[in-house]
């Protein structure tokens, strides 16, 4: 009698076959994340190129916004839907467009198309970094870092307009359109005086400063190879020894600041932490603006400036500037509301 001991070979199902094909070693890795990333990124980019080339914003904003109408790269945009569309997804087959592609473009359907596919594409790219990190056997901090720009995109383009009356108040997808949105944020929300914006600026600029300092310090402390320390030729990717001196770098900054990083892991984590945290904080701030939460208000200065013509601070001047932005932008940006402001309500500085 013969007894065979071992594991029963399981039948390979369709999932295993697809998994093998998706994770096959190729020039451009696909993976499961690619099923989300590649179609969504293709559709978002294609929708943006189509909109900026051919589609007008006349029916939604009363503006020209395409190359076909004479705009250039800095002034083209895929603009937000009309205010009257509310928060409709504006599906091509929905009640607004009723399957008419031309009408769908006219009412702003391309914006929701680009925004939603763009968000899913960014999420797919983050999942791609998770997937490849798992396959290669490294930690997933790249994906964690990429969550910061995703948070900014989702909060600005999706959550903020969801808190307002319609998609109309989101940024349009274009350079000048984004600039207009920044002015809108300042005028209607006093965004620059928001503490979450301050943390975002500190994170982004602080990250840039850390990057510049770190790169310069490494270049300063390269080990000599032969006659000199060569920036581009000396390093071999497979070499076992260090290519720069952490001890020398630590001594250098200790003499300048009196304090320096002595641990490479902590140093690089800090370079990750500063910009990522800053972007996350600014995203939280935008969610607050979606709920119309206010920034810092210094009411005592406003009251005194109103009572005393000779008293003015940079804060009160900025408040007047914000009022001017609102008074100018509301009629220009929302012509359908038919705003009319008499001269006496328009803001004037105390110097006037």
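Any Cβ shown, glycine's included, is placed from N, Cα and C.
Bear in mind that the values here come from a model prediction, so they are computed numbers and not experimental data.
Per Swiss-Prot, the features are:
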- 40-60: transmembrane segment (TRANSMEM)
- 117: chlorophyll a ChlzD2 binding site (BINDING)
- 124-140: transmembrane segment (TRANSMEM)
- 129, 142: pheophytin a binding site (BINDING)
- 152-165: transmembrane segment (TRANSMEM)
- 197: chlorophyll a PD2 binding site (BINDING)
- 207-227: transmembrane segment (TRANSMEM)
- 214, 268: Fe cation binding site (BINDING)
- 214, 261: plastoquinone binding site (BINDING)
- 278-294: transmembrane segment (TRANSMEM)
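Sequence features annotated in Swiss-Prot and their locations in the structure.
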residue: 117; record: chlorophyll a ChlzD2 binding site; DSSP (3 states): helix
residue: 129; record: pheophytin a binding site; DSSP (3 states): helix
residue: 142; record: pheophytin a binding site; DSSP (3 states): helix
residue: 197; record: chlorophyll a PD2 binding site; DSSP (3 states): helix
residue: 214; record: Fe cation binding site; DSSP (3 states): helix
residue: 261; record: plastoquinone binding site; DSSP (3 states): coil
residue: 268; record: Fe cation binding site; DSSP (3 states): helix
Mind checking which residues reach the transmembrane segment (207-227)? Cβ under 8 Å, same chain, six or more beyond either end.
-> 233-234, 241-246, 248-249, 252-253, 267, 270-271, 274-275, 278
Same-chain residues at least 6 apart in sequence whose Cβ lies under 8 Å from residue 129 (pheophytin a binding site) | 140, 142, 143, 146
Could you list the residues of the same chain, at least six apart in sequence, whose Cβ is under 8 A from the Cβ of residue 214 (Fe cation binding site)?
-> 267, 271
Cα separation, residue 268 (Fe cation binding site) to residue 197 (chlorophyll a PD2 binding site) (Å, whole number) | 24
Which one of the binding-site residues (117, 261) has its C-beta surrounded by the most other C-beta atoms within 10 angstroms?
-> 117
Quick one: among the binding-site residues 197, 268, which has the most Cβ atoms sitting within 10 Å of its own Cβ?
-> 197
